[in-house]
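Listed in TrEMBL:
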type	residues	note
DOMAIN	1-107	domain 'CMP/dCMP-type deaminase'
ACT_SITE	Glu45	active site, proton donor
BINDING	Ser163, Arg179, Arg202, Glu288	substrate binding site
REGION	201-232	region 'Disordered'
REGION	357-390	region 'Disordered'
Amino acid sequence: MDAALSAAWRGPRGSNPLVGAALLDQDGRVLHRGFHRGAGTEHAEVDVLSQARKSRADLSRTTLLVTLEPCNHQGRTGPCSHAVLESGIPRLIYATADTTPAASGGAAYLRSHGVEVRSGLRAEPALELNHRWTAAQRAGRPFVTVKTAQSLDGRIAAVDGTSQWITGAEARAHAHGVRGRVDAIVAGTGTILTDDPRLTVRGASAPAPATLTGERGAPAGNAPAGDTHATAGTVAPAPLRVAMGLREVPAAARVRGEDGRFRQVRSRDPHEVLRALTAEGVRHVLIEGGSEIVGAFLAADLTDELIVYQAPVLLGAGQPAYPDLGVTTLAQARRFLPDPSDGGAVQRLGSDLLWHLQPAPNAPTAPPGNDGPPGPAGHRIAHHDRASES
């Protein structure tokens, strides 16, 4: 199971949990490892089975280990329980049960068709793998990723308001990849009025962005043509673009677009924003700023993942990345721990650094084995060469 857990850490966090799988031969040797690469892609079990087919492995005496019970429903992809049964694999061991009503039941389905099924192996690290995702599910809200791009001294804009660009092309390209994984992109009305952003996904596969403005009854806007993404052979809608705040977003604002994917939420309360997005079927939200919006989600403990792009630049003054969080003594500090999933806790993007973090104290445990991404105790800096995406 450690091989499956190690593989799971390679996936991205978001609307689906991290899941890994490993296929063992009759002597317990690992033949293949797989993981889930995000919504709409092959699940970990199917990833392993695809590899096994290509290698022409004899599955009649193998064992499949999975960190999460195989799903038993038809979503963007087919039910994994059916794929496992059709493969002829005689034994399956999973770490934790799938408790989501729509997807659970895979183990029972396989048992009823003669597959030997066991559960509970390495359950604790498997649960820790997705503790924030599980908490969001239980609360009935989307998974929340907060993103900032800042200088070494924690500034997101200079004194005169200029901010383009603090980080380099590689970091901006990576940020578009993050946008491409979410269902909604949220920005405050202040940021929208000042920067006139599009909040679209460029150069990446993703849904349409959303802008939360917190304004009730605002007309829906649209995203520029072409801001859609291909998923599992289909074209998914671009992320919703959501404006959060009380000020009106002008009709000419670029964020409105022309595709009907713009939303305005007339509230400064992050709970209200998430309720509005949940009603639209949103499962993964990206908070883009500004600092007051970021601070609101941090203060409300509604941050499941924190992505910080840090440039080797000192501004000395200007707009801080985070507002006053009410911390008056070190014991009250909001602490985060490195998240080694999806490429590592610390990555180098050109001249910038990417910090990939999760809230403490329930930070992820280090992945088992030596072949997975580094754990919190040892941060390997991963180098990425990416094309510029402005």
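Cβ from N, Cα, C; glycine included.
Non-local neighbourhood of Glu288 (substrate binding site): Lys147, Ile185, Val186, Ala187, Thr191, Pro197, Leu199, each in the same chain, at least six residues away, with C-beta under 8 Å from its C-beta.
When the domain 'CMP/dCMP-type deaminase' (1-107) is classified with DSSP, helix, strand and coil residues number 32 helix, 23 strand, 52 coil. Under DSSP, Arg179 (substrate binding site) is assigned to a helix (H, G or I) in the three-state scheme. The recorded positions listed here are Glu45, Ser163; among them, Glu45 has the most other Cβ atoms within 10 Å of its own Cβ. Annotation note: Glu288 (substrate binding site) sits in a strand segment as assigned by DSSP.
Calculated from their C-alpha atoms, the gap between Glu45 (active site, proton donor) and Arg179 (substrate binding site) amounts to 26 Å.
Of all the binding-site residues given, namely Arg179, Arg202, the one with the smallest number of surrounding CB atoms inside 10 A is Arg202. Summarising model confidence by region, the domain 'CMP/dCMP-type deaminase' (1-107) averages a pLDDT of 91. The maximal spread of the substrate binding site, taken as the longest Cα to Cα distance among Ser163, Arg179, Arg202, Glu288, is 19 Å.
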